[in-house]
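Here's the structure, in structure tokens; my notes come after.
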Amino acid sequence: MACPRRVVPVASSSVAALIIVLVESSHRRRTQTKPSSASHETQQPSASRLTPSRIYWEVVPSVPASHPLTILSSLPKLRSSQPAHSTPRTRGEERSMEAAATRPVLRVAAICGSLRKASFNRGLLRAAAEVCEDSIPGLRVDHLDISDLPLINTDLEIDGGFPPAVEAFRAKVAQADCFLFGAPEYNYSIATPLKNALDWASRGKNCWADKPAAIVSAGGGFGGGRSQYHLRQVGVFLDLHFINKPELCVQAFQQPPKFDSDGNLIDAQIRERLKQVLLSLQAFTLRLQKD
């Protein structure tokens, strides 16, 4: 027994829009095995029962209302509003999305210890911001520039105040929920610009205190691993809480290339490892804030 059908003529200059409503396969099976009454065959479908999200449009030549082109009536209840080619979300995925929507947006202050424009460590921080924007809801990376900070000198502190560049930097550090350090290795230790920034924000009221942090690095040899260990030592006195795993020390000069000539991260595997660092930082920050 054929499903109910209806002609919908729509004239628009030389073309008309024919609306084709997808009929549920379960309905077709029922109509093939169960005869319908004559009154049902002639019954006109209600316009209110048509679900726009399951209507597909096809442009066809303009036809008169008597043309045999027809529209199949919709069912009382359609199975899904998702496109036919998409994969339905699992209950776990839906719960994860709902949980992500209710999380607060965490502000990650990203600080690079190298001042070079094409720095690999700066490239890691740029990639971190892109990863958060693309695939980590609730985490936002903001770069904190340390190039304008003067060398640490307590003579510059007047009546308990600091130079304007230092005051601005300290305020941004205090507002951050957590930190992501790009830590290049200079002579087996922390780069001077980064150590200078750490010292300025610890003067007077320690702006780093009791906040979570993560470290990433790139370079030759150990990939900046020694600078990471020294930074962790400094963090003990600053009362920073570093995540322990995963670690990311990128051996930047090994093949295949990890960065382009502008310092942008181009290695997909490193990008995925960076994402895992960020997810760990996010979870640790939320846990500390909850406690």
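Cβ coordinates come from backbone N, Cα and C, glycine included.
According to TrEMBL, the protein carries these features:
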COMPBIAS  33-49  compositional bias 'Polar residues'
COMPBIAS  79-89  compositional bias 'Polar residues'
DOMAIN    107-252  domain 'NADPH-dependent FMN reductase-like'
REGION    28-49  region 'Disordered'
REGION    74-99  region 'Disordered'
Counts by DSSP class (helix H/G/I, strand E/B, coil) across the domain 'NADPH-dependent FMN reductase-like' (107-252): 54 helix, 38 strand, 54 coil
Arithmetic mean of per-residue pLDDT over the domain 'NADPH-dependent FMN reductase-like' (107-252): 97
